[in-house]
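Summarising the annotation, TrEMBL assigns active site, nucleophile to ASP16. Positions annotated as active site, proton donor by TrEMBL: ASP18. The Mg(2+) binding site annotation in TrEMBL covers ASP16, ASP18, ASP187. If you look up TrEMBL, you'll see ASP27, ASP105 marked as substrate binding site.
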Amino acid sequence: MFSSSGRLLKRLAVLDFDHTVCEHNTDIVVRDLLGPGGVPPDVQSILRSCGWIPYMQRIFRLLHQNGFTPMDIASAIRGIPEVPGMKACIGNLVRHGFHVIIISDSNSEFIRLWNDFNEIGSYIHTVFTNPARFDGNGLLELRPYHFQTECTLSSKNLCKGKILGEFLRRQHDERQVEYEKVFYAGDGKNDVCPMLRLGSNGYACARRGFTCHDALQSAIGKQDQPYLAKVLQWTDGHELSDLIWTELED
């Protein structure tokens, strides 16, 4: 199907990763390999003074120093369960012509490991996240996706709203793809920025029981203009899938 301007009309599902695709926070799962009391106070202070990325890089160094191998880390990531029904939801969306992208403050190695192990890597159109790789000595090296200061709703290393906006522009201008419907599913406060950027063809899908919904409602209340996207709540992949198809049928 094509738009009046000749662009290919598609539908887009944008997914957070931690607590949205996989059930737990990938960074926390790996950090917890250090065990109770395994993070000394000087490392904990990095989180307060420098932010999450420098903190996690120090965690990865601690793991390396304590003898944890890439295989140990990979096993921990692969052991994280899916959000119930999410793999089936993603597969169903792709089979019905959706583009599915991931925008996450996790990292590229964790997402690749989990997606490939769960056999959904081929379904994902694009992943936007902090770059990571194991070096020759088995140390996981982590870098920020970008550095930004203009969005106060987001961390300095990754603004999901900026990433989504740039993706939509590139698809429109460079690949002649136009999205008639955009569904964004997430759970946390850092999902509010991209949800606020959705237009009248957008659906902000906040996971029930997490911080996203209340934070989004608070942000909407502070806006001068009406919020045009529709806000939906979901608990698992089965409910999210049902919500999406219900909205498409209306």
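Sequential numbering from 1, following the chain as shown.
Placed from the backbone N, Cα and C atoms, the Cβ positions cover glycine too.
For the recorded positions ASP16, ASP18, ASP187, a Cα to Cα distance of within 10 angstroms from ASP27 (substrate binding site) holds for ASP18.
Between ASP18 (active site, proton donor) and ASP187 (Mg(2+) binding site), the C-alpha separation comes to 8 Å. Rounded to a whole value, the Cα-Cα separation of ASP105 (substrate binding site) and ASP187 (Mg(2+) binding site) is 12 Å. Cβ-based neighbour count (10 Å, all protein chains) for ASP187 (Mg(2+) binding site) stands at 23. When the Cα atoms are compared, ASP187 (Mg(2+) binding site) and ASP16 (active site, nucleophile) turn out to be 8 Å apart.
The Cβ neighbour count for ASP105 (substrate binding site), using a 10 Å radius and every protein chain shown, is 25. Around the residue listed as 'active site, nucleophile', the C-beta neighbours below 8 angstroms that are at least 6 residues distant in the chain are ILE102, ILE103, SER104, LYS160, ALA185, GLY186, ASP187, GLY188, ASP191. Local packing around the Cβ, expressed as the count of other Cβ atoms within 10 angstroms, is greatest for ASP18 among the recorded positions ASP18, ASP27.
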